[in-house]
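First comes the structure, then the notes that go with it.
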Amino acid sequence: MFNMGIYQCIIRCSLNATKLSMSGPPLQNLKCTNHARSFNTLCQQAARPCIRTPAKNVQVSVLRCSKTAATAGEMSDVARKWVGRWLFGCSGMVFGAVALGGLTRLTESGLSMTDWHLFGKRPPLTAAEWQREFMQYQQYPEYKLKNKDMTMTEFQFIWWMEYGHRQWGRAIGTVFAVPAVVFWYKGYFTSMLKKRVVLCGVLIGLQGLLGWYMVKSGLEDRFHSESDVPRVSQYRLMSHLGAAFVLYTILLWNAMGVSFPAQFVATVTPGARSFRKLVHVTKGWIFLTAMSGALVAGLDAGLVYNSFPKMADRWIPSDLLALSPTLSNFTENPTTVQFDHRIMGTTTLVLATLVAVRSRRVLLLPARARTAATALAAIAWMQVGLGISTLLWFVPTWLASLHQCGSLLTL
């Protein structure tokens, strides 16, 4: 996967990628004498073909081990192999849950199950059981205001979509918890990794609760007129999606840290320092852009102003700040929410492209990091293309789903 791998490769420098021909004692015991070249001189010679900056301006710090590398280094090869695979598998399942959740929302299936059980429930097997489930659904606003003509076949489709999403989430909990207990018992986890495993377990449990908390907002008796559109709260949707993004990021980050342990090279040049800050800023901005996309989804804001680059015939729509108080427009006005998402998406594209360009100018940056930076820019361009296409084609399910998955890849 390129997503979290892009971010990690950019800010981590593997010692194996920095090929310095050194003679004498190991690095930690290296001393500058009349008979040995200094570490600074060696780095200057290694860097001279790569940059145009005079070598005398290059300042290289002592190599230091990253926490991730130290954590992985304390693990045996067997532990690293199995724990890494397990974490990669869990992160992949979370990615699948996000994709399936997006499809559930896009097919308007999320409110079909009107109750929630911690360990799930058996699906209806007989016509009578299906009828009972359907009658429960008919007591809530979505059916009364929107789906009065729904058939049993149509109800079964949306019910299975929601049921599948919930069961997939429970499967993630099982796939995470059972190996975690086994690996913990066998001593495969370091002290640092134990804390992260506990954190991931808490986040998985929190996701289930957030999911039901979100669904409840669409079942509440707050929709009365036929002009009301029963939907879940955009705030709760954003929280649910944001927690999934955080969980996915933590799982994949640790999977890569365990499977591909590396070492940081502390600040090499002022340029390298600023590049690292740029990468961190870009990642944070990508996350914020994805959360603004959750607001777009929660308000169906993709169905207003289906034109690009202008919104209808204006660059700034007239109803941009139509609500009062003014600040409420940024989370409750579909026009403002879409406008913000356009601006944030464009900014993300600029930042990702800048990361790729700057990666070519950083001293001693490994080739795999440059490749990752280029991939980040490519995915960002793809994501913007998917977003524009989704808007112009009035949010077709398959395209909107790809756009949501693209946000996770970009992150």
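Even glycines carry a Cβ here, placed using N, Cα and C.
In TrEMBL this protein carries:
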- 86-106: transmembrane segment (TRANSMEM)
- 168-185: transmembrane segment (TRANSMEM)
- 197-215: transmembrane segment (TRANSMEM)
- 235-253: transmembrane segment (TRANSMEM)
- 285-305: transmembrane segment (TRANSMEM)
- 343-359: transmembrane segment (TRANSMEM)
- 371-394: transmembrane segment (TRANSMEM)
Message: So if I exclude everything within five residues of the ends of the transmembrane segment (197-215), which remaining residues of that chain have a CB under 8 angstroms from its CBs? That is, six or more out.
response: 90, 110-111, 113, 116, 118, 166, 169-170, 172-173, 176-177, 180, 184, 189, 232-233, 236-237, 239-240, 243-244, 246-247, 250-251
Message: Checking distant contacts: for the transmembrane segment (343-359), what same-chain residues at least six beyond its ends satisfy Cβ-Cβ under 8 A?
response: 10, 275, 278-279, 281-282, 285-286, 288-289, 292, 365, 369-370, 373-374, 376-377, 379-381, 383-384, 387, 410
Positions whose Cβ lies under 8 angstroms from the transmembrane segment (168-185), at least six residues beyond its ends: 79, 82-83, 86, 89-90, 93-94, 96-97, 100, 119-120, 194, 197, 200-201, 204-205, 207-208, 211
